[in-house]
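S.K.: Got a structure for you, written out below as structure tokens; questions coming shortly.
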Amino acid sequence: MVELFRVVRADKGAVLVLPADGLDGEHEPHRVTLDRDGLVGTEDGERLVPTVGDWLLVDETRASLRPRTTALVRDSAGATSRVQALAANIDVVLVVEHLDPDPDLGRIERMLTLAWRSGATPVVVLTKADLVPDPDGMTAEVAAVALAVDVHTVSVPTGQGLDALRALLVPGATLVAVGPSGAGKSTLVNALAGRDVMGTGERRADGRGRHTTTHRELVPLAGGAMLIDTPGIRGVGVVADDDALDTTFADVAALAQACRFADCHHAGEPGCAIRAALDRGELAERRFDSWQRLAREAAYQARRSDARLRAEERDRWKKVTKEYQRGLRGPGRPRP
Ligand SMILES: Nc1nc2c(ncn2[C@@H]2O[C@H](COP(=O)(O)OP(=O)(O)OP(=O)(O)O)[C@@H](O)[C@H]2O)c(=O)[nH]1
Ligand SMILES: [Zn+2]
């Protein structure tokens, strides 16, 4: 018999899972220990580190992963390691940013790129509307850099904007919240769950510092949707990719297309549409810089992953050649 489980938490060497028909917030997860290397095979022959949101198939003899439909990935350090999946099989990425202190537009653009890259739909959530005098004005500023993305402004203490977010919690949908530490992700998850499922940054009663989320966890909600809370993502290690960048920065990408030279560096070449837009004040320097920085990171990451692929290919050929030579010699045959 094959049983289907959802990974609600992934630790080194083990995962916590809930049965597919027990994702209603009323079941206790149970632990599945993984093979020594911590990897699980997929139906198409890959071996992956399971992550929150993965679907795990278990039969009498082995566990395997369903291929991921979407995945939020981050670049993991080291020249040889692969990207790390933060969450899998997600439908919506909530890009959470606070209005107080001021929202960081560059960080929002970075998180949107990460979100578009995942294959899921990004939604921006601006928190702490109760702490600022002009939340609508600030929302408009953010909306101007979050092209084609819904922007919700919320306050948990006043309840503002929460119903609009609840509308996203359709049965079977999986949402993941990303954002800097202190943005209010756990507070939001608790408000949407209607119960305290994640610790928040409120001062603890014993005065011993603040809680901060340390692990990723999938929280099944009563209505059949699932929410994943993540610890604050720091700027580094966000995986940029060209398609995701072109979506996040559709305005800049369209301008770049209009430059006279296809390989324009937008550094003073004649016929540069980006320079012209900057000069006319139609493109903000800040946004241009932000795009350039992420594009550089994307190029660097692409080169690095090419180098890794080449190294893997080399290793594969070494092995094949060795096996071939062994085959030529054959068992018991004398060396040539
Ligand atoms: N006034 C106000 N405070 C809020 C709101 N949302 C969150 N906070 C406060 O902001 C602080 C941080 O909230 P958390 O939910 O812990 O933030 P987080 O994003 O989960 O942070 P990490 O777990 O460190 O990633 C807490 O003191 C919350 O009470 C809000 O809408 N209004
Ligand atoms: Zn140009």
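The backbone N, Cα and C atoms fix where each Cβ goes, glycine too.
Sequence annotations record features per position, and here TrEMBL assigns domain 'CP-type G' to 80-236. Annotation source TrEMBL lists domain 'EngC GTPase' at 88-234. Annotated GTP binding site per TrEMBL: THR127, LYS128, ALA129, ASP130, GLY179, PRO180, SER181, GLY182, ALA183, GLY184, LYS185, SER186, THR187, in sequence order. The Zn(2+) binding site annotation in TrEMBL covers CYS259, CYS264, HIS266, CYS272.
Can you tell me where each of these features sits in the structure?
M.R.: The DSSP breakdown of the domain 'EngC GTPase' (88-234), given as helix, strand and coil counts, is 42 helix, 34 strand, 71 coil.
In this structure, CYS259 (Zn(2+) binding site) belongs to neither helix nor strand by DSSP; it is coil.
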S.K.: From ALA129, SER181, ALA183, THR187, HIS266, which binding-site residues have a C-beta atom under 6 Å away from some atom of ligand 2?
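M.R.: What lies within reach of ligand 2, judged by Cβ under 6 Å, is HIS266.
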S.K.: To the nearest whole angstrom, state the Cα distance for the pair SER181 (GTP binding site) and CYS264 (Zn(2+) binding site).
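M.R.: Answer for this pair: 38 Å between alpha carbons.
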S.K.: When you measure from the Cβ of GLY179 (GTP binding site), how many other Cβ atoms are you left with inside 10 Å?
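M.R.: Neighbour count, Cβ to Cβ under the 10 Å cut-off: 23.
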S.K.: Summarise the model's confidence over the domain 'EngC GTPase' (88-234) as a mean pLDDT value.
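M.R.: It averages 90.
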S.K.: Among residues THR127, LYS128, ALA129, ASP130, GLY179, PRO180, SER181, GLY182, ALA183, GLY184, LYS185, SER186, THR187 annotated as binding GTP, what is the maximum Cα-Cα distance? Answer in Å.
M.R.: 19
